[in-house]
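Asker: Here you go, one structure.
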Amino acid sequence: MALEKSLALLPLLVLVLLVLGWVQPSLGKESRAKKFQRQHMDSDGSLSSNPTYCNNMMRRRNMTQGWCKPVNTFVHEPLVDVQDVCFQENVTCKNGQANCYKSSSSMHITDCRLTSGSRYPNCAYQTSQKERHIIVACEGNPYVPVHFDASVEDST
């Protein structure tokens with residue numbers, strides 16, 4: 001009798017273990033869209049000419065853990081405006097993929113470049129503010145930016 005009940009619960013136990021095995025790896029893992037936002041969005045960031053902006057932001061956004069990320073760009077526009085770029089001019093990505101899009105208008109950005117001679121753990125960045133078109137790679141449902149590909153000057 002007890003054996004029959006145990007055997008009846010076996011398929012349920014197997015199902016629970018399969019679901020846990022499928023769900024568990026994705027728990028706590030940052031999505032590509034969230035990583036893009038962490039690494040590139042600073043909608044509330046001031047456009048002051050603070051020379052330590054990049055040093056502070058790169059550290060705060062976890063891009064100097066274990067190494068110094070050599071180049072990064074922060075976009076100072078509302079997230080929805082950056083997400084809208086995914087429905088603007090389609091361009092080829094630097095890696096040859098076809099899922100990149102160029103913003104139809106210039107956006108306020110800050111470029112951060114690792115200064116020569118800078119070594120981990122003392123990552124030091126040069127901060128330069130610009131107004132440029134951005135190019136982002138998009139994917140997913142909803143279709144959102146997942147990679148910052150480039151920034152380009154106005155071609156007029």
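Cβ atoms here come from the backbone N, Cα and C positions, even for glycine.
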Asker: Which of these links to C54 by a disulfide bond in Swiss-Prot: C100, C112, C123?
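Answerer: Here Swiss-Prot pairs C54 in a disulfide with C112.
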Asker: Scan C123, C138 and flag the one Swiss-Prot records as disulfide-linked to C68.
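Answerer: So the cysteine that Swiss-Prot bonds to C68 would be C123.
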Asker: What is the disulfide partner of C138 among C86, C93, as given in Swiss-Prot?
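Answerer: Here Swiss-Prot pairs C138 in a disulfide with C86.
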Asker: Quick check for you: of the recorded positions K35, H40, K69, T73, C93, which have their Cα within 10 Å of the Cα of C123 (disulfide bond)?
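Answerer: Taking K35, H40, K69, T73, C93 one by one, the ones whose Cα falls within 10 Å of C123 (disulfide bond) are K69.
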Asker: In the three-state scheme derived from DSSP, which category covers C54 (disulfide bond)?
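Answerer: In the DSSP reduction, C54 (disulfide bond) maps to helix.
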Asker: In Å, how large is the greatest distance between any two Cα atoms among K35, R38, K69, P70, V71, N72, T73, K94, R113, the listed binders of substrate?
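Answerer: Pairwise Cα check on K35, R38, K69, P70, V71, N72, T73, K94, R113 gives a maximum of 22 Å.
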Asker: For C93 (disulfide bond), identify the closest of the recorded positions K35, H40, R113, H147, judging by Cα separation.
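Answerer: Spatially nearest to C93 (disulfide bond) by Cα position is H147.
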Asker: If one measures from the C-alpha of C68 (disulfide bond) to the C-alpha of C112 (disulfide bond), what distance in angstrom results, rounded to a whole number?
Answerer: 11
Asker: Within 10 Å of K35 (substrate binding site) (Cα-Cα), which of the recorded positions C86, C112, H147?
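Answerer: H147, listed in sequence order.
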